[in-house]
Amino acid sequence: MASSSSSSSSALRFLISIALLLALASASDPSQLQDFCVAVPDSASSVFVNGKFCKNPASVTVDDFIYHGLNVAGNTTNAEGSAATPVFASQLPGLNTLGVSILRFDFGPYGLVPPHTHPRATEALLVLEGYLYVGFVSSSNELYAKTVCPGDVFVFPQGLIHFLYNVGKGQ
Ligand SMILES: *[C@@H]1O[C@H](CO)[C@@H](O)[C@H](O)[C@H]1NC(C)=O
């Protein structure tokens, strides 16, 4: 009697675990790296990938993971009065597929980075010098904007339209 009740309770526990597993199981494809990838029936057609091919690990060296020169200011003599110096996989091959990249922005007086989005990336801004008026617009059209100063870190959530504007007369 005792043994039958214990076996039925362990069967029940088993069923509960199965039910929990079923409830918790959720599978999805990883997020896409591109807007679309139209399949072609012709296997001989040329390969067209989003991103870059990987270097043979045997020939990877430490220099694949270092970028020099981000201490150099960009040239802000242009219509927007700002300059972006990207450190993306093109400039720093070791960044490829790591899901992170860095960018230096320089601003001339009243320089602007006009509203734009990064559909697949969140942006974190660290202000080293000067004052910027920065902001983003949420998907319910709410503006979140603020003047940030040296030492401030501001985040622009993935996919939301954002801008940066130098409110100061300085660089
Ligand atoms: C910055 O860009 C302007 C406009 O293209 C150019 O005239 C100027 O020589 C550049 N300055 C430097 C330091 O490269």
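Backbone N, Cα and C define each Cβ position, glycine as well.
Going by TrEMBL, these are the annotated features:
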- 1-27: signal peptide (SIGNAL)
- 68-171: domain 'Cupin type-1' (DOMAIN)
- His116, His118, Glu123, His162: Mn(2+) binding site (BINDING)
- His118, Glu123: oxalate binding site (BINDING)
* Structure fact -> Same-chain neighbours of the Mn(2+) site, Cβ within 8 Å of the mean position of the Cβ atoms of His116, His118, Glu123, His162 and not counting those residues, run in sequence order as Thr117, Ala121, Phe136, Phe156, Leu160, Ile161
* Structure fact -> The sparsest Cβ environment within 10 Å, among the binding-site residues His116, His118, His162, is found at His116
* Structure fact -> For the domain 'Cupin type-1' (68-171), the averaged pLDDT of the predicted model is 95
* Structure fact -> Taking DSSP helix as H, G and I and strand as E and B, the domain 'Cupin type-1' (68-171) has 3 helix, 43 strand, 58 coil
* Structure fact -> Close in space but at least six residues away in sequence, with Cβ under 8 Å from that of Glu123 (Mn(2+) binding site), the same-chain residues are Val155, Phe156, His162
